[in-house]
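Peer 1: Structure below; questions to follow.
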Amino acid sequence: MAEMVSPDAITTILANPSPDSSSDLPELVVQVLDLKSTGSKFTFMVSDGKMKVRAMLQSTLSSLITSGSIQNLGLIRILDYTLNDIPTKNEKFLIITKCETVSPALDSEYKVEAEVKDSGTELEPKQDMDVETEVKREVNGFILKPKQEIVAKSAAQIVHEQHENMAPSARMAMTRRIHPLVSLNPYQGIWTIKVRVTGKGNMRSYRNARGEGCVFNVELTDEDGTQIQATMFNEAAKKFYDKFQLGKVYYISKGTLKVANKQFKTVQNDYEMTLNEYSEVEEASSEATFIPETKFNFVPIDELGPYVNSRDLVDVVGVVREVSPTMSIRRKSNNETIPKRDITIADETKKTVVVSLWNDLATSVGQELLDLADKSPVVAIKSLKVGDFQGVSLSALSKSVVVINPDLPEAKKLRSWYDSEGKETSLASVGSGLSSSTKSGARSMYSDRVSLSHITSDPSLGEEKPVFFCVKAYISYIKPDQSMWYRACKTCNKKVTDAIGSGYWCEGCQKNDEECSLRYIMVAKVSDASGEAYFSVFNEQAERIIGCSADELNELKSQDGESSYQMKLKEATWIPHLFRVSVTLQEYNNEKRQRITVRAVAPVDYATESSFLIEQISKMKISKVE
């Protein structure tokens, strides 16, 4: 096995850190040493018997290790790689992007050892004056000169010396070394990536302590399907905003990387990219481009609850049950009218959810789904925002991808289930859900169940960002003399004021209207066995609690008097509800206070509630036994 290791393989790699083509590489067979796991990745040393360098496999190749194909002390053939500098440690790091197994684990670490035997030392004078004698020795049949003084050199010095002897830069510019996104890291020097723009945000203005500026970001995807988010500020944003076009392929270089902020990242990558005005962006228009493979990470519909109103985006796959006509919705921010279409999908969890498609998705893909509605197509949708409308809802973004009848194992399995039993099965909405026919209830009402004291006893909850919980509690008191509602525009639901003369003025719609509607905005005291708290309740949730709209309650108060009004509020108390709430900290008179807002409310399904309690009791018993 020893002779299978390529002589001087590491020296070859150090001399050629960015090979132009894997086909030009010589045979590079090395031994894997000190293989260890670091989270979801694996690191190890590669050795040719003389030299070693630290290495890591591209994440897509990790299965070769987990399957046992690549073993510690085993041999691998490197077919493609990228050699990166780590300046902070003054060393090199090899990222292997393509390899194959040569041999399982050897008995021990392979080292080059030359057995030297004396062949009868022969002294020969040199031709020059004052010369020293020269000793000739025989090693495995070869005549060697005496060992010269060895000067230790770092890997960086070796590479620097090699670069001094390389071809002129003009000749090297004829070829372009493309780095896969998975190989990039903040310590890497020069790199070039070839990516498709799969998402583009709008140009946004900002103001902070350093002044005003603008920013926008793009989502980039390479041929392997790996994604990264690139952000541009100010001059770079103005330079590249029109340059980047959705769906086009570009070469990008001279950017910087940093560890991604998990609070704001929207793609699955440990790093995020920043491009400045000196970065280079070149459209790959005259070359063969590629369509990146869309990778999904599906979340079952009944497990969407924990994602409600979070920054995390989800992917879903489902059978289309209903498709609505296109609607025109007025955007609150700029009063612009945009098209919207709702589709209802279901999956094997026997739950349904409404997905809202906007703009081009509503008019193009939405229309295609409407034409295929009678055939119940399967759709896979990537990058959806989870909202709390009707308990749980999904909304597409500009970066969302919708694939109809995808060629995926999950889609085929779902189609088989739906054709065999799903179409005849009773399905329930994941958000509404706690009717007598629901078997498992809304996941969002049970995933983070806590008592009221758990929330009120921790004054730091929601300090950095909103946190979400579910509670089972009673409305114990609704103060009748509070401001129970506000006058709202019938078009955009924003607050209206009295117009000059008659009617109502809406600042959002910039128009007068003769009529307005009333929308709840109230505070209610809520109690459970552990304590009590005050909840802020808005229109949709308040209607479910009180049992009528704000207009109807106002009419009751006006026509039947204060006593009927207060009786209606009293009837809404001491009825159990399931609440999904958000908790934030707000400052009032230089004092931080908790604000608990109801995001969803549903009546108690006692069969489901009993099953939940039994499950909790079982967990308590198991923990006591342990």
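Cβ atoms here come from the backbone N, Cα and C positions, even for glycine.
Features from TrEMBL:
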{"type": "DOMAIN", "residues": "5-103", "note": "domain 'Replication factor-A protein 1 N-terminal'"}
{"type": "DOMAIN", "residues": "191-279", "note": "domain 'OB'"}
{"type": "DOMAIN", "residues": "308-405", "note": "domain 'Replication protein A OB'"}
{"type": "DOMAIN", "residues": "468-613", "note": "domain 'Replication factor A C-terminal'"}
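Describe each of these features in terms of where it is and what it packs against.
Peer 2: Per-residue pLDDT, averaged across the domain 'Replication factor-A protein 1 N-terminal' (5-103), gives 82.
Remark: secondary structure over the domain 'OB' (191-279) totals 7 helix, 46 strand, 36 coil, with classes taken from DSSP.
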Peer 1: Please work out the helix, strand and coil residue numbers for the domain 'Replication factor-A protein 1 N-terminal' (5-103) from the DSSP assignment.
Peer 2: 17 helix, 48 strand, 34 coil
